[in-house]
Amino acid sequence: MNDDAYEGARLDKNDVVLKTTDLEKAFGGLVATDGVSIEVDRGTITGMIGPNGAGKSTLFNLISGFYENDAGHVTVNGEEVTDLEPHERARKGLVRTFQTPRRLEGMSVREAMLVGPGPQKGESIFSLFFSGSDVTEEERANIEQTRELLERFEIGHLIDQPSTDLSGGQMKLVELARAFTTDPDILLLDEPVAGVNPTLANDIKRFIRELNEEGQTFLIIEHDMPFIMDLADPIIVLDQGKVLMEGSPDEVRSDDRVIEAYLGGAGP
Amino acid sequence: MSAVSSWVSETLVRDATERRIFAVLGLITVLLVVGVLTGVIGPRFLLFQIALVGMYALLSLGLNVQWGYAGLINFSVAAFWGIGAYCAALLTAPNSPLGLGLHPVFGFLAAIVVSAFIAVLIGIPTLRLREDYLAIASLGLAEVIRAIILNERRWTAGSSGISGIPNLMSWLPLTDAATTAAIVVFLIAVVYLFLRRVHRSPWGRVLRTIRSDEDLAKALGKNTYLFKMQAFVIGSVIMAIAGAFYAHLNLYIDPSDLVPLTTFYIWIAVILGGTGSNRGAVVGAAVVIAIREGTRFLNDIGFIQTLGIDLAPLRLLFVGGLIILIMRFRQDGLLPPKDELIWPAARDESSTGGASPSGAVPDGGTSSNGGDDR
Ligand SMILES: Nc1ncnc2c1ncn2[C@@H]1O[C@H](COP(=O)(O)OP(=O)(O)O)[C@@H](O)[C@H]1O
Ligand SMILES: [Mg+2]
């Protein structure tokens with residue numbers, strides 16, 4: 001609302017999709033996010049790693065608006081979104097998935113997928129009664145898109161299944177596909193291959209890469225080192241709520257601080 | 001004829017168990033008709049019971065929008081019902097404290113407007129918060145409304161109640177009992193068709209998502225607060241319509257009608273019928289009321305008289321027992337929701353392969369028998 005609320009917003013270049021400035025969040029005495037400033041360039045797959053408890057998920061929650069930050073700013077496409085609700089940020093093109101797959105009781109995969117696109121005409125009761133044919137047309141297009149996307153992700157055969165009957169990996173795939181149907185400017189994936197078998201994890205890697213080649217920007221938290229090192233560039237390393245370093249996979253791999261953080265963090 | 005039977009098999013009866021449930025309901029209907037024809041049951045009595053069941057069915061449909069579609073916990077069903085009943089009574093009864101004696105249409109309109117307004121008022125502070133806030137606030141609302149009606153005698157006549165509420169459409173060439181029964185059937189039909197249209201749609205789909213996982217809906221860009229507000233208002237308005245209808249059915253209303261027990265019965269009806277299913281809400285209401293009213297007559301049965309115990313006060317126990325039975329043998333209720341919430345007009349052409357509409361969610365029959373995974 002306020003034009004000069006935050007100067008940085010105007011200074012962002014066009015090719016920065018997501019930017020955080022000095023984000024802070026504490027839970028009681030525990031500082032989970034301690035002045036984090038990161039930038040995600042358009043068209044990249046940016047990785048985010050860090051030992052357990054480094055504050056990666058917390059940072060995602062701050063960026064997507066699920067947690068309120070104590071200080072700092074978030075901008076999307078140069079626009080300040082710090083005071084917006086999660087759904088408003090999603091409408092601005094900032095769409096996330098969750099670390100633990102979300103179960104939609106009583107919904108088929110098709111149905112669960114169709115929640116993605118939006119805003120849909122058929123989400124307005126008024127349209128349901130007074131422009132039914134528009135709703136029909138849009139719904140048809142969305143059903144078709146769902147079918148194509150599931151087919152592309154090689155899970156077309158699951159379309160009629162209850163969405164709660166899928167394996168962990170299949171669920172992650174559906175979530176990725178659904179998040180993509182929102183037509184996001186940046187997709188935030190929280191551990192997209194956690195608990196996924198290696199074959200499916202490779203598939204997921206391939207699909208992310210394909211979408212990226214078509215221009216989709218990603219910010220991906222991942223614990224699986226080989227996975228993220230192979231997929232992402234640059235990689236941001238988080239430790240104890242702070243950005244430890246940022247660089248190419250090779251730079252990250254050979255950085256002493258990173259090795260130490262991981263050895264120190266993964267102690268027992 | 002075949003159009004009717006295919007409508008029945010696609011929209012009403014989805015699998016073998018449901019066929020049995022409907023067979024039992026049909027049998028009871030036949031017995032009631034036979035009872036009337038043979039003079040065992042007075043037609044006036046039966047029509048009154050139909051009107052009563054219809055009113056409870058409306059209430060259940062209302063709660064089903066809130067709890068079944070959106071997962072909203074509303075413990076003030078009786079309050080919204082009472083708001084509707086009092087709006088109708090105050091505006092239409094010539095000897096009400098307002099003394100207006102208006103046409104019943106105005107009572108219904110006032111019921112809709114006032115209940116919507118109060119629903120929004122309750123929704124604003126609670127629907128942004130966790131779900132338990134609405135539950136607590138609605139518990140409070142139920143008591144507040146009752147206290148207001150009891151104590152604001154100047155406006156509401158207090159505990160003496162309001163009598164002289166006119167009959168609806170007494171110009172119809174039917175008895176009053178038949179007219180009210182016809183009106184409630186009409187109301188249910190209108191509400192049911194309305195809900196059917198809004199439920200199987202992107203709108204209903206967002207609500208179903210919110211019910212399972214509100215954060216996910218938010219993450220996908222849905223303004224969950226607005227969706228919940230809409231569901232809450234629609235449900236509350238339906239409850240108030242049921243209340244307004246009741247005022248014209250009973251022709252008298254007083255604050256003791258607003259007991260929390262009504263809320264309890266409606267919750268039971270929705271859960272028993274199958275949370276989230278409109279068909280279930282109607283059938284659940286019928287079953288609960290049948291038990292409640294039916295057990296009134298237990299003491300008249302010769303065999304029970306010989307036992308020398310008074311069974312009628314144990315009615316709640318019967319309702320409880322029934323719930324335990326149903327939850328044991330049919331966890332999701334009598335007629336759980338089966339529909340994929342997809343706009344029907346859109347699915348006809350684009351549904352993949354030869355999958356029939358009802359086979360879209362793995363067809364209830366086979367999967368609930370074979371895939372017993374819970
Ligand atoms: N909602 C919360 N309440 C309190 N503490 C939290 C909450 N969320 C995260 N934390 C704490 O913040 C720290 C960072 O957690 P998290 O962001 O989940 O780390 P990561 O995802 O990197 O493993 C942890 O110490 C965790 O216990
Ligand atoms: Mg995490």
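Quick reminder: no glycine exception, Cβ is built from N, Cα and C everywhere.
TrEMBL does not curate its annotations; it predicts them automatically.
Under the heading compositional bias 'Polar residues', TrEMBL lists B:365-374. The annotation region 'Disordered' is assigned in TrEMBL to B:346-374. Taken from TrEMBL, the feature transmembrane segment applies to B:21-41, B:47-65, B:72-93, B:105-124, B:133-151, B:171-195, B:231-253, B:265-291, B:312-329.
Ranked by Cβ pairs under 8 Å to the transmembrane segment (B:21-41), the stretches B:47-65, B:105-124, B:265-291 are led by B:265-291. Here the transmembrane segment (B:72-93) has long-range neighbours at 59, 62-63, 66, 100-104, 106-108, 110-111, 114-115, 118-119, 122, 127, 131-132, 134-135, 138-139, 141-142, 144-146, 149, 155-156, 162-166, 228, 231-232, 235-236, 239-248, 253, 255, 257-263, 266-267, meaning same-chain residues at least 6 beyond its ends whose C-beta is under 8 angstroms from one of its own. Long-range contacts of the transmembrane segment (B:171-195) within the same chain, counting only residues at least 6 positions beyond its ends with a Cβ under 8 Å from a Cβ of the stretch, are 43-44, 47-48, 50-51, 54-55, 57-58, 61, 64-65, 238, 241-242, 245, 248-249, 278, 282.
For the transmembrane segment (B:265-291), the most Cβ-contacting stretch among B:47-65, B:105-124, B:133-151, B:231-253, B:312-329 is B:47-65 (pairs under 8 Å).
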